[in-house]
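Data block below; observations after.
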Amino acid sequence: MIVETAKAKLNLALHVRARRADGYHELETLFAFVEHGDIVSVTRAEADSFMLAGPFAGVLAGEGGNLVTRAAAEFAREFGHGAHAITLDKRLPVASGIGGGSADAAATLRALGRLHGISVADMFPIAAALGSDVPACLHGVTAIGRGRGERLEPVPGLPGTPVLLVNPGVAVSTAEVFRRWDGIDRGPLPADPRAGRNDLEPPARAIAPVIDDVLDALAGAPGAGLVRMSGSGATCFALFDGEASRDAAAAALSGRGWWMLSTRLT
Ligand code: C5P
């Protein structure tokens with residue numbers, strides 16, 4: 001059995017530059033990943049099967065199709081290699097701006113690739129077709145993403161940095177957040193992502209005002225450095241100057257009923 005972690009993805013900065021004719025948006029983003037995420041397990045089997053487990057299995061089951069089975073179907077179409085039993089342990093909230101489905105699809109491809117000796121490079125075209133964030137998740141390293149996010153340039157990261165993820169429990173539609181972007185290009189990614197922005201924060205906050213509360217709470221935590229929303233939200237994150245300050249922030253916020261993940265950048 002091959003087991004892959006579908007590490008949660010963060011956008012340390014996300015600049016929306018233009019609306020494209022194909023309905024997507026031209027981005028400049030800094031992708032980073034954390035140590036924790038969903039878990040995808042894959043084995044060879046007589047017939048294809050898919051099982052969901054974990055705290056967010058119910059939410060996903062209610063949505064019908066998902067990117068794990070689509071990724072497996074694309075892999076089979078491209079490379080063959082028979083049937084598989086796949087299990088997804090869904091630990092990250094759904095529709096929350098931290099990869100989720102994209103990370104799951106990428107982990108599924110990585111697991112199938114390991115099982116059958118197919119390289120990440122060879123799976124890249126499938127990844128891009130599955131979703132804008134799937135190529136970044138397939139590589140799983142800190143990188144600047146351009147285009148829809150599929151043109152990747154690896155850059156040095158900050159491995160080991162303590163980070164707290166907080167999601168207020170509101171699912172936000174990525175397509176709707178992009179639709180509400182005001183169309184104003186506020187400029188390129190700066191060399192230091194701390195000086196950057198997430199241009200999707202204003203439209204996401206218009207849909208889910210509770211995001212303001214999350215950002216305020218994180219910004220007020222002692223030891224918090226960069227505080228920002230990830231992707232199209234509603235998950236926000238803070239980088240901390242140590243694990244003690246991160247854990248203290250998590251303890252201070254524990255009464256709010258928000259989902260939280262204490263982890264570290266990879
Ligand atoms: O590519 P993915 O399926 O993850 O994107 C979900 C939706 O988010 C797209 O259908 C599109 O409306 C929007 N999107 C966008 N520009 C991007 C990425 C996503 O407009 N660069």
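Using the three backbone atoms N, Cα and C, a Cβ is placed for every residue, glycine included.
According to TrEMBL, the feature active site maps to LYS9, ASP133. Per TrEMBL, the feature ATP binding site maps to PRO93, VAL94, ALA95, SER96, GLY97, ILE98, GLY99, GLY100, GLY101, SER102, ALA103. Residues or ranges marked as domain 'GHMP kinase N-terminal' in TrEMBL: 66-140. Here TrEMBL flags 196-254 as domain 'GHMP kinase C-terminal'.
Feature annotations (TrEMBL) mapped to structure.
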residue	record	contacts (Cβ under 8 Å, 6+ apart)
LYS9	active site	PHE31, ALA32, PHE33, ILE98, GLY99, SER102, ALA103, ASP133, ALA136, CYS137, SER230, GLY231
PRO93	ATP binding site	PHE56, VAL59, GLY100, ASN167, GLY169, ALA171, THR235, TRP259
ALA95	ATP binding site	ALA171, VAL172, SER173, THR174
GLY97	ATP binding site	ASN11, VAL172, THR174, ALA204, MET229, SER230, GLY231, SER232, GLY233, ALA234, THR235
GLY101	ATP binding site	ASN66, LEU67, VAL94, GLY131
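Taking the mean position of the Cβ atoms of PRO93, VAL94, ALA95, SER96, GLY97, ILE98, GLY99, GLY100, GLY101, SER102, ALA103 as the ATP site, the remaining same-chain residues with a Cβ inside 8 Å of that point are ALA8, LYS9, LEU92, GLY231, THR235.
Looking only at the domain 'GHMP kinase C-terminal' (196-254), the predicted model's pLDDT averages out at 98.
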